[in-house]
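Peer 1: TrEMBL lists these features:
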TRANSMEM  12-29  transmembrane segment
TRANSMEM  50-78  transmembrane segment
TRANSMEM  98-115  transmembrane segment
TRANSMEM  158-174  transmembrane segment
TRANSMEM  186-209  transmembrane segment
TRANSMEM  229-251  transmembrane segment
TRANSMEM  285-304  transmembrane segment
TRANSMEM  316-334  transmembrane segment
TRANSMEM  355-371  transmembrane segment
TRANSMEM  413-430  transmembrane segment
TRANSMEM  436-454  transmembrane segment
TRANSMEM  475-495  transmembrane segment
């Protein structure tokens, strides 16, 4: 049985297993339970129903019985129909304000791609690479990491792949060692390094990868904790700055060792690509200014919000989401120039937005809100009372390991949407601030290095058929272990102190 047949079988199994698991959970939920504080609490019908729906959605998300985005609509379909909840309260989280941060940021990213601005930036950075194998791989990793902070890791990988393949072609033409292991390592290292750099870079900003958006949305809606764009960058960017060079070192010196013999022709390749782009155009300049303005406002918004004019604070309500939407709208209004009788972005381009991902956020947030409001989170937390003696560091690393393992097999956003509410619920049983589990869970969900199915960047580079799954798994294991170490250390030394958590 091949992989496709196995996937079809799993989907068919999941289609029936989801409702079956829901029924089992509904029937096995106790009539009463003791809360973390020892209080006896009765289990309501709505609580049972929500817990059952959680199980149903988890099975369908894991098996992809139906598209993961469609599964995110289950709360809207079932909770009002059989749980006694109102459609208004179930649907409200689908319009969480952080979803609009992602929407606005993605419109800006799509506009950059429309005018090829992202390619110009990438080729300008490549010119600094030099022509030794280690520096070339390091530069591609760095460009991918920097790019995926602002545009999707999928788009970043797709943008760089043609250039990577061109460099690989140059490597294949080396007459001194045309088929050496070192050259094969360079080719594989370029592909893996580009994908891994894009994955790592997404950790750096809220809009860098979908799990980050879910974490911020969940904290804001369920725990009334706001993490601004600048605050996330204050610990996200340092993680990227440490993880990327360490990953480069183990990739080029241990996993796939490469030498220092220069790759001839790299400068000519960059010259040719930049010549094809031509000089910087008016649309590119205008998109660049909008992007820089948006990024500046995200970073300085706390200062702007406190600005008083004539005793009034007119910008006190300005949010990161508002900044993103203002930037997106401005792109529809600003003319492209250079004799282009059209705005910088049109609806044809905007339609490429990942609308399904927005539904996935909404479904996860709706489920989390209902779990908290109707006592499911409290019940789940009570189940963890027996594990309170575990050291905090063991708990944090266990959360990281669980998320890294599951995200290799399922959608990282679906994994985050399923487990983060549960981690938030059990944190009080450990006597821990929920941030100690939620932040590692969100960051761990982005670390999918081992399998082609784990994340689009992996699938894109694997489609070149220039390395085996075994090579990716071996490299991915080391990157996952490195990720646990880097993220674990940075959570303790950087993230939690910056978030004011003891």
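One is the number of the first residue shown, and numbering goes on along the chain from there.
The backbone N, Cα and C atoms fix where each Cβ goes, glycine too.
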Peer 1: I'd like to know if the transmembrane segment (98-115) touches the transmembrane segment (285-304) in this structure, counting it as a touch only when three or more C-beta pairs sit under 8 Å and are separated by 6 or more positions.
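Peer 2: Contact confirmed: at least 3 Cβ pairs fall under 8 Å.
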Peer 1: Other than its close neighbours in sequence, what residues sit by the transmembrane segment (98-115), given a CB gap under 8 Å and a spacing of at least six beyond its ends?
Peer 2: 150-152, 155, 159, 206-207, 210, 213, 216-217, 220, 229, 281, 283-284, 287, 290-291, 294, 319-321, 323-328, 331, 336, 344-345, 349-350, 352-354, 357-358, 361-362
Peer 1: Who are the long-range neighbours of the transmembrane segment (355-371) in its own chain, taking Cβ under 8 Å and residues 6 or more past its ends?
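Peer 2: Same-chain residues near the transmembrane segment (355-371) but 6 or more away: 50-51, 53-54, 57, 67-69, 71-76, 79, 85, 89-96, 98-99, 102-103, 210, 213-214, 217-218, 221-222, 377, 380, 411, 413-414, 416-418, 420-421, 424-425.
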Peer 1: Could you tell me whether the transmembrane segment (50-78) and the transmembrane segment (436-454) are in contact, taking contact to mean 3+ Cβ pairs under 8 Å with a sequence separation of 6 or more?
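Peer 2: Not in contact, no.
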Peer 1: Applying the under-8 angstroms CB criterion, which one of 12-29, 50-78, 413-430, 475-495 scores highest with the transmembrane segment (229-251)?
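Peer 2: That would be 475-495.
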Peer 1: Sort out the residues at least 6 away from either end of the transmembrane segment (475-495), same chain, that have Cβ-Cβ distances under 8 Å to it, and list them.
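Peer 2: Residues 192, 196, 234-235, 238-239, 242-243, 246-247, 250-251, 254-256, 393, 396-397, 400-401, 404, 408, 436, 439-440, 443-444, 447, 449-451 contact the transmembrane segment (475-495) from elsewhere in the chain.
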Peer 1: Please indicate, using numbers and ranges, the residues of the same chain that are 6 or more beyond the transmembrane segment (12-29) and have a C-beta under 8 Å from a C-beta there.
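Peer 2: For the transmembrane segment (12-29), the list is 43, 47-49, 51-60, 62-66, 379.
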Peer 1: List, by number or range, the same-chain residues at least 6 past the transmembrane segment (413-430) whose CB is under 8 A from its CB atoms?
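Peer 2: Contacts of the transmembrane segment (413-430) (Cβ under 8 Å, skipping residues fewer than 6 from its ends): 36, 54, 57-58, 61-62, 68, 71-72, 210-211, 214-215, 218, 222-223, 357, 360-361, 363-365, 367-368, 371-372, 376-378, 380-385, 387-388, 390, 392, 395, 399, 402-403, 406-407, 436-438, 441-442, 445.
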